[in-house]
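Asks: Attaching a single structure in structure tokens format; questions to follow.
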Amino acid sequence: MGRRRIRSRIRKSHFYTFKCLRPKTLEDQGPHIINGPGYTRIVHCNQPHLHLAKVLRYTSNYVSTTRYNLITFLPKCLYEQFHRVANFYFLVAAILSVFPLSPFNKWSMIAPLIFVVGLSMGKEALEDWRRFMQDVKVNSRKATVHRGDGDFGRRKWKKLRVGDVVKVEKDQFFPADLLLLSSSYEDGICYVETMNLDGETNLKVKRCLDVTLPLERDDTFQSFSGTIKCEDPNPNLYTFVGNLEYDGQVYPLDPSQILLRDSKLRNTSYVYGVVVFTGHDTKVMQNSTKSPSKRSRIEKRMDYIIYTLFALLVLVSFISSLGFAVMTKMHMGDWWYLRPDKPERLTNPRNPFHAWVVHLITAVLLYGYLIPISLYVSIELVKVLQATFINQDLQMYDSESGTPAQARTSNLNEELGQVDTILSDKTGTLTCNQMDFLKCSIAGTSYGVRASEVELAAAKQMAIDLDEEQGEEVTHLPRTRGRMHGYAKMPSKTSSDIELETVITATDEGDQTQSTGIKGFSFEDQRLMGGNWLNEPNSDDILMFLRILAVCHTAIPEVDEDTGKCTYEAESPDEVAFLVAAGEFGFEFTKRTQSSVFISERHSGQPVEREYKVLNVLDFTSKRKRMSVIVRDEKGQILLLCKGADSIIFERLSKNGKNYLEATSKHLNGYGEAGLRTLALSYRKLDETEYSIWNSEFHKAKTSVGADRDEMLEKVSDMMEKELILVGATAVEDKLQKGVPQCIDKLAQAGLKIWVLTGDKMETAINIGYACSLLRQGMKQIYIALRNEEGSSQDPEAAARENILMQIINASQMIKLEKDPHAAFALIIDGKTLTYALEDDIKYQFLALAVDCASVICCRVSPKQKALVTRLAKEGTGKTTLAIGDGANDVGMIQEADIGVGISGVEGMQAVMASDFSIAQFRFLERLLVVHGHWCYKRIAQMICYFFYKNITFGLTLFYFEAFTGFSGQAIYNDSYLLLFNVILTSLPVIALGVFEQDVSSEVCLQFPALYQQGPKNLFFDWYRIIGWMANGVYASVVIFSLNIGIFHVQSFCSGGQTADMDAMGTAMFTCIIWAVNVQIALTMSHFTWIQHVLIWGSIVTWYIFLALFGMLPPKVSGNIFHMLSETLAPAPIFWLTSLLVIAATTLPYLAYISFQRSLNPLDHHIIQEIKHFRIDVQDECMWTRERSKAREKTKIGVTARVDAKIRQLRGRLQRKHSILSVMSGLSGVSASTDTTSTTQHS
């Protein structure tokens, strides 16, 4: 059985180490034999029994997502618990406690360990049980499977086998990865929703092979058989390489024929498919890898504190053992009751070394309470509750989408309060990813007069005085690189003039543009609307442009039966906007079949339906940056229609296809500067011979099976996508999300650096930067770009690298030499340049420059570059980084950052699934960090410090008493006290601290974002504060022990004249500890709820109740504690007075310190607390404003920085004006004096 499992695992690999395990292939199986590692899977269609052979033994369709099973739970979970240092120590201590050397009863060590570890294991078991029940539910789903002779029956998913023919009906999930054989549609297409795989809600079209179309009924599968040879299991959702051998022919397979497990059949009655991958071989399971393990900085430092406490434990144990050895050697003769004449090995004065070694074990067990056993479980519980509060925060709930914030992991709550740098995607993160068709350029003419939202916002953020400039001859708009370019007014209004007037008017009216009321279409220009384009001089080019919009895509139309209107499911929001625009212009895409698209053209008279035969589709990829379709129109003309990035299209134009290149380039630059997303549109006419030759090459490439198939397809596509004719370009608007500028302003005031990493062109990114206040007028912009060094004799790569390094060095030097303290720099770099800047010999200089800049914008970057920049910022600065994005291309940087935040947007849920926290909109990041991050950081930091304080206070009293009793190894406390201390009596108040503490309210956090800097500066968990709390614990332990020994030792303490025995003294001392540590935590808190009062004071009351009840038990159970409270301690006033004295003495240093700090060196939150408590913000608004203004002193980005810069500019102008007036006044005075003198002389 074991060998089968090993071979099964090896079978999943892309590369086979053992030749004997590779599937055999026969040379007579056809011309397309799959060779090479990674392409060895053979599937016998409709013959699943053939896969039972050893060499083809595939995994079952049973899927398990659990971490444990009945056999592995105990060992694996115990390992998870005891690889923690503290838990391992207590395990060793519990084992040693069963031997006579232990100073405690064994259950006082074993019971707390069982409780803490059992609680953690119970939590793991509960979570895994939920996963198991979900697995059972999924595996028990029923599928319709061919049982032979054309008969189909129901079978559980887990019993499906490779090769089974499955029938899936509408709105059902696919039970495994299937090869589509046929569907209810006559042309063999079906619609699939992949939300469970990649989160995308857009429907995808799948198409079966023409040869399997006849398999459309159950009885047609009676004699069906075929062989699939394809790639091995892999996690790539978007690729599939294979062949189908059927009826003696070989047919190529691609991703359009594969139906993936957990995707859903939509808008299709039924499909038939054959199982290719099952269970953990399916692509969805191959993608279910664990996210990288992340630990917060506080948790990492906590490990070092644990090690410090271990060092303290070893130190006091060593001292105790050494003292015991000395006492044994020097004083054993005086202790007659120990029978020194018959010494035991432990008390033999002739062998003190042996006594030292044996006592060392006793001491290590005795002082083990220095290590907080309940620390880990308490922190886990607190973090879960904190995450619940984040999830339930209504201020981060998006009512439009019904999406709340979600803490997908609770391990990083406190890390939210220590973020230094935010790395953000642009599209869908800062912007909405809801595209509106706004402008276009056709045949060298720009159409569309409506101003973009970015133009309006950028104009506003750059503080353009429109009132002054409307009367001038030149009107300014924000342009590339922060310069102000002008447009001269022309006698006849051009589109640019109309556009400028729109900007001015809209800005005056509050930046509110009117909407067309059509989602995806904000275009406004009567020259193209209502068929008016027929009157334009280049109407033929406009016709081709609009047909490209309507035909060149892979979208799916859905017609509403009630209204008759079409909606579209497309792979990107851009395509939907194009189709909506085409429909508004009179070219409505109405129907798609496997081989054709149908367009209803109504530009002249009655609507005419035209059919375009789709011959080939050259899909869009991030590498190609373009897509093309080859169609045959109704006249038989073959056309290649292509759209893509302008840089890609322009280099593929023919000589006679560049007629509009210059004008279109100019328009594209303007669109980019207006923050619009642009694409160039082109076409090419093909003749039959040329197409036939190319199509045969394309078929060969598509039929090939191997690692180089994509490369071959790209090469063949390049052969066709050339000699293009440029028609025009599109410009769609991706609007800023609600509240983005305000959020960025708050984050900037909180001291956070913001870097934008986007795949858009530089002009678009820059203007988005202006719109959201990452850039502003007067900010010095540094551009790092590749420059051609003409005449250079050295290697081009080396020359480029050297040139970029020099640019970085010069820019860094310029920043250092800058004397203006208010100067702000922005770094802008593109993807090509970034490739060199991220190399090992340059990247740290680049990082140093980026850190010195107020904002960083990286344009045209790939997903891999996003991850590399994030890693550089994280590892290079050593500070906490947060990455935020919404698409699959952001997954790398989200997983690479210390904290990953996913936005549940239009692009799907892949970013969310890879993230640590998810929110619906970027603006919620403000509250997530400034409020919850600040609170969680401070709560966890104070909680951990207090944990160490209380355990040092308790543990060192054991050491003092042992020293007081001659290092005898005797514990002063009853074993039951030890059992309760960490687990019950002091754990609940500290949990209340970690869950409910607030230094200031959420409103004040947002009003005073500079408070957030306490986290990145680590003010509450630096070594000074940690050592301070430990020192406070040492002081409290000394005070408690000294006062109790001084009061209760060798003197009567009650009216009956009795002296206190060890148990009475231990009980009194333990009572003082309970009071001291609980009063200390009450003084630590700034915010109280009734829950905190109940838990703090209830813990003290619980101690007295326990003492009373335990003392009522028979002496056989309670031992020396029998009636301890009721008869011994409670009647003695000194017992109660000692508790009050200890409370006053132990809290005195903390009160003195906090009073000194608040009076002479207050922290920001101290000032805010006093202002709010005494309502000074209401009585003295100027002081409140002044305190809030501290947040903006170092802010160089955001709306606030822009306003401050404007104020400084106006003050400078005013000072210069006064200076000029003073000089003019002085000159006029001198002139008047001169005139008087000359007049006198003349007289």
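Cβ coordinates come from backbone N, Cα and C, glycine included.
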Asks: Sharing a topological domain in Swiss-Prot means sharing a membrane side, so do Ser97 and Gln1169 qualify?
Replies: no
Asks: Do at least three C-beta pairs under 8 angstroms join the transmembrane segment (75-96) to the transmembrane segment (360-377), pairs 6 or more apart in sequence?
Replies: yes
Asks: Is it the case that the transmembrane segment (1026-1048) and the transmembrane segment (306-327) touch, counting contact as three or more CB pairs under 8 Å in which the residues of each pair are 6 or more positions apart?
Replies: no
Asks: Between the Cα atoms of Asp886 (Mg(2+) binding site) and Asp425 (active site, 4-aspartylphosphate intermediate), what distance do you get, rounded to the nearest Å?
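Replies: That comes out at 8 Å between the alpha carbons.
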Asks: Should the transmembrane segment (942-961) and the transmembrane segment (1062-1084) be scored as in contact, given a threshold of at least 3 Cβ pairs under 8 Å and pairs 6 or more apart?
Replies: yes
Asks: To the nearest Å, how far is the Cα of Asp425 (active site, 4-aspartylphosphate intermediate) from the Cα of Lys623 (ubiquitin cross-link)?
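Replies: Asp425 (active site, 4-aspartylphosphate intermediate) and Lys623 (ubiquitin cross-link) have their Cα atoms 19 Å apart.
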Asks: Three states by DSSP: which one describes Asp890 (Mg(2+) binding site)?
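Replies: Helix, per DSSP.
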Asks: Quick check: do the transmembrane segment (1062-1084) and the transmembrane segment (1129-1153) share at least 3 Cβ pairs under 8 Å, counting only pairs 6+ apart in sequence?
Replies: yes
Asks: Quick one: Cα separation, Lys623 (ubiquitin cross-link) versus Asp890 (Mg(2+) binding site), in Å?
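Replies: Each residue's Cα considered, Lys623 (ubiquitin cross-link) and Asp890 (Mg(2+) binding site) end up 16 Å apart.
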Asks: Which stretch, 101-123, 976-995, 1129-1153, tops the Cβ pairs under 8 Å count with the transmembrane segment (1091-1111)?
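Replies: Highest pair count goes to 976-995.
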Asks: Would you mind splitting the topological domain 'Extracellular' (1049-1061) into helix, strand and coil residue counts from DSSP?
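Replies: Summed over the topological domain 'Extracellular' (1049-1061), the classes give 0 helix, 2 strand, 11 coil.
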Asks: Any idea what the model's mean pLDDT is for the topological domain 'Extracellular' (1049-1061)?
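Replies: The predicted confidence over the topological domain 'Extracellular' (1049-1061), as a mean pLDDT, is 74.
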